[in-house]
Amino acid sequence: MADRASTDDLGQAIEAADKVWSVSHVEEAGELNSLAETAAADPLEAAVTLLPRFRQILSKYQEQSQLLDPHLPSLVTTLARPLQQQAHSQERSSTAPDLTLVCNICRLLWIIATVRGPGVVLKLFPNEAHDLEPVTHLLLSLTELEADPSGSNTSAAAAALADDDPIAWEARCVLLLWLAQLVLIPFDLALVDSSLSSAAPDGSNKITTPPLIASLVQWCQAQLAAPGKERDLAAVLLGRLLPRPDMHQALAGFLGWAAESVDAKSNPQAAFVLPGVAAAMAEVFKQGQRRPLLSIAPEALGLTLQLLASRAVQSSVITRKLTVKLLQRVGLTHLPPREPTWSHQQEVDESADESDFGDEEEIPEEVEEVMGQLLECLGDKDTVVRWSAAKGLGRITARLPQELGDQVVASVLATFDPLAASEATWHGGCLALAELARRGLLLPHRLEEAAHIVEQGLVYDVRRGLHSVGANVRDAASYVSWACARAYAPAVLHPFLTRLAPTLIIAACYDREVNCRRAAAAAFQEGVGRQDSFPHGIDIITAADYFSLGVRSQAYLTVAPCIAAYPSYRRPLTTHLLHTKLRHWEASLRELAAKGLGALALGEDQQDGMMLEECVPCLLELCLDQSLEVHHGGVLGLAETLLALSQKGTKLSEHRLSAIAELPQKVQQARFLAGKGQELMRAATCRLLECTALAAVSLTEAQQRCAHDIIDDCIASSSDDISTAAVAALHAFSRQYLTAAPDAVSSAESQAAGSSCTLKYMGGLKPTQPPPVRRGYAAALGALPRHLLVTRREILMEALGAATKIEEDPAASRLQADVFVPLLSAMHDYSTDNRGDVGSWVREASMGAMTQTLLLTQQLLVASNKAGASTQGNILQSLVPLVIAALVKQSVERIGRVRGTAAVNLHKLLTHQPALPCIPAVQLLTAAVHEAREEAAAGSEDLSARVGLLGAEEPLVRESVLEGLIASIGGLDGSLSNAASSALTAWLRPPGATAGAMQQRLQSVVASLLTIWGRHATSQRMALPLLRTADLLFAQGRLEELGGPHIGEMLGLVVEGTRGCRDVPRLCTAAGVLTQMLNVPEDESLQTMATEAMLKLITCPFPKVRKHAAEQLYVALLAIDPSQPAFAEGDVEAAQEQLAETAWDGPLAEARLSAQQLRSMLLAAPGA
Amino acid sequence: MGLLSIIKKVKKKEKELRVLMVGLDNAGKTTIVKRINGEDISTISPTLGFSIKTMQYKSFRLNIWDVGGQKSLRSYWRNYFEQTDAMVWVIDSADIHRMLDCRDELHNLLKEEKLAGATLLIFANKQDVGGALSDKQIEQVLELSAMGTRHWRIAACSAVTGQGLLEGIDWTVADVKSRRFLLG
């Protein structure tokens, strides 16, 4: 009975625990399971059709994939079942597996693996020993079938696979994952290999690797050269397989193979296999037992060091990272793990056992070698390599005796040479310090030195040209603080943290980068949570949390002032703004820093006086510094501080006030308002004048005049920033100094000044004035106080009235300049990154914006019809064709979505009522738009009506459509390229046209082509498409008829484009075009030039290009008319022979030699 | 990658525990795993090979590696040592004949470098069977006092009744947790 009760308790307790803690919710769980069941039941059909839905559900959980965990085991088991069946039926009846089935199922499994991570999914596969052999065979036969589809009886599926089918890789990956699990079985691998006679079980045949496993190893070795995911998974599999106790021989064999395959001398493919080999070896040394590996460690170390010095490793980041990882693992093999008794935590832990290590222990030389290399790699130019080196240093040091370990710490500390260390060295050094600190390996006597470095690291910022570097260093310095806070006892760390607290707060509030602010805050929080040694810690982490620091202005203006309420942080924060951020390289950050300084001043305790006594004098000095950053920041800082102090009612001394009053004049005299940086300084000075006025600083007459001049000058500026700042300054200035109100006691001079400036602004409204002046002065009048305006009401209204009459024209010119020019230039945004053509988003957005703006412009113009038709005509006349042409170009470009957007917008413009004026080629355009909308709706790829725009009268339209077409012809999308090519060729030969008409069309296209080519002569994007289009035109057999100058010009462009080009497909296409030019009749110089260019191509550094070009030339010579004046018949034959006999993809020197002979055959003067 | 991603990773890792279940054959390892996981324990056959169970236990995810205990399999145990946070050694407390065998295997295992830092829980299982040794007796037979600095505990339990299981797992998880708090 008692037993029964306790059983129930257990059940209940666990159930309750589940309810509370099992945080999982997958609303589609039922659907997922039934999808998997359906797929497993019908892997040939259903598995394909339900895949999109399966992917859709799972990808929803990408961010929080652990939610899926409770449902994964059944999913994976269900899906693995058909694979298991295939594998076993292959084994029993030796029927070839159905590859389509395997691939279909594996695609589903691979989706799970990518969402949840291969490492998690791997554990869910069935791991019974009897699966190992069949699954291995399945994997191997998959590859065989792919390689040789004809030999199999499932040829259809295999043929589909062999044809570069992108599915098979998923099958390979899934089976590799599964095998990585299966090779862990705790049985002798010889037992599972049915090809071995069961007569000789243990003992005798252990010497050799079972053939099954040997072929698996061999297959994996081949995968190590593959660039895909298979490489990584093959490395994982090898890492689990080779260290098995029954695999000694295979491991030795693998090492031998590895050494051979990465040797660039014996294997030309060495560079490709390097990352895979390094990854696999690193896995082996990670998974394997230390002692057995010791025997091969020296050999592995030799290889690693050799690799590290090789050029292939030096030039590839990923390989270098993997090699450093391997280096670390090999190093660790030489040292037994230990609880580092000398580490700081252990000293606190009473359980430290001093007898655990002694001086008698020998540290192998190899370890020193490894440590030396790792220390060097800390300064590597790539982040990932530095990370790997830092982790390695931490791990190895944890296994060293105290004295040596402390030496490592000392060497890391020594890398922070303030003069010589680069940003990379700082970053790597900080990472290493953090890794050491995490393990408690920085002994207390080193902490002070470390604190000194971290303090500098937290604000590390080095200017490089127009930007600066060091964000990574600052982040890493936070990492050190965080790691220390976790690893040390409060008593030890207290001095360290007290010293770092202000700097951490500075970084958390004032760093430019959001991740650095958050990192510093996290480090601070860790210190508060674990150490409790920061004053006001809890209050501060409440104010400065992850979210409040996310927005920079909030961090500066809300969080920092809040923390500055605590006196111990106030001074460091203020000093940092004053001396560092006010001179930051980024202007907008200086502006923010100035505002931040104002916010600090506003919150300053009246008794403190730091702002008054220290900041203001310092700011006054900064304002006249010669460097732009410094005086800009200084002026802004002074303005904001002055304003804040006056708002609080803090009184500045007369002495300071007069210095501030003099400042604008001094700034002007220092010529900061002219020349470089003047725009920033003019806006900043206006802000200073505004704040001076708001703070009611008294100015002398001369100072007022000077200030007013500056404001007037700035108000008329064409820059919005300056003119806005000046208007704001005038608003405050006029109210403070130009007081002519009846009740105010003001001098005659100021009254006079007030009224004269009103007159001046009114005068500026005259139509003869340039537009910025008119705009600025109109705004200025709006800023003046009422009493200055009332006396002159009539004149004022008249002036404003006159000004509004002519308003449209400048508005129009501004519209064109400010709106359409950027939009039109956005249409040329073809930027690409790893996501592909990201510029397409920009192009799509600006198409919409242009259309909207154009229609809006028309609407405004129609509404304000006053100005008459001519103005309306003028601006639309110039804009409409530009916009239409830009849209037309997009309507034939590579991306279907973009073509659709273009069609929609063109349709809007064409059908808009009232109709837009000046639409070019209306009829052709209407047909084209109709077709493009069809395409978007029905997915047809017919471009003929859009290509018809090539017949438009306007060259702009012709060129636009051709340019888009060229991009499509040369694009990656095969079917679109075909559609574009055939539409172009069809347009060139309309049915029933006369030869003359066709010639005319061809000429017009070639003329446009050359214009476009000239415009894009250096474009990477257009180079290949242009060549393809030229090739296409030649292939029509029509181009050579044009002869003469057109072809000559094109030849020049082709030759120009191949110069210094390293793009193999482009060079090959260029070779094709050049050989076509050899056929242009009756033009000797052209042939000579083309031949010359071909001879260059057959001696270029790329074997593939040489071979291709030589073949092209050979064919061209076959077709050449022997009566051609350029080549004598005998020479042509000899040249053909020479071309055929040379191995062009062989050594370059040989090709050069052969080309020389060709030159003498083909280019010798005909008479010679 | 920066501090924030490290913190994210640490937080994730903090909640995951890798537990290795080992012991002689027929000690009741699989039964214990199934019992904790709330599965049926009426039909359990000897583990040929190994199995991995992932389960949610309070706020932790336990990855339990349950490896067969037959003599022929023991030399392959080391395939599974990598990154083990805690080791659970299961004993058939009623199997007095093999108790010394059990002691030797345990002490062999404790010499393994890769298990150096791992927490050790010893389950004195089958307390419900008549003639079972008590945990105190087993502690003496297995010479556990010579363990040195390792964190270990012996817990009397019965997989069939469920007695003692939760306490043992609770202690193991708490011990790993406190070590992690220190070493981060």
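Cβ from N, Cα, C; glycine included.
Automatic prediction, not curation, is the source of TrEMBL annotations.
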From B:GLY68, B:GLY69, the one annotated by TrEMBL with B:GLY23, B:LEU24, B:ASP25, B:ASN26, B:ALA27, B:GLY28, B:LYS29, B:THR30, B:ASN125, B:LYS126, B:GLN127, B:ASP128 for GTP: B:GLY69
Between B:THR47 (Mg(2+) binding site) and B:LYS29 (GTP binding site): CA-CA distance (Å): 9
Which same-chain residues, if any, lie at least 6 apart from B:ASP25 (GTP binding site) yet have Cβ under 8 Å of it: B:PRO46, B:GLY68, B:GLY69, B:GLN70, B:LYS71
Candidates from B:GLY23, B:ASP25, B:THR47, B:LYS126, B:ASP128 close to chain A, where binding-site residues are judged by Cβ under 8 Å: B:ASP128
Recorded GTP binding residues, B:GLY23, B:LEU24, B:ASP25, B:ASN26, B:ALA27, B:GLY28, B:LYS29, B:THR30, B:GLY69, B:ASN125, B:LYS126, B:GLN127, B:ASP128 - maximal Cα separation rounded to whole Å: 21
Fewest other C-beta atoms within 10 angstroms, as judged across B:THR30, B:THR47, which are the binding-site residues: B:THR47
B:LYS29 (GTP binding site) - helix vs strand vs coil (DSSP): helix
Residue pair B:THR47 (Mg(2+) binding site), B:GLY23 (GTP binding site) - Cα distance, angstrom, rounded: 12
Cβ-Cβ neighbours of B:ASP128 (GTP binding site) (radius 10 Å): 17
Cβ packing number for B:GLY23 (GTP binding site), 10 Å threshold: 24
Cβ neighbours within the same chain of B:LYS126 (GTP binding site) - under 8 Å, at least six residues apart: B:GLY28, B:ASP92, B:SER93, B:ALA94, B:ASP95, B:ALA132, B:SER158, B:ALA159, B:VAL160
Number of Cβ atoms other than its own within 10 Å, given for B:GLY69 (GTP binding site): 24
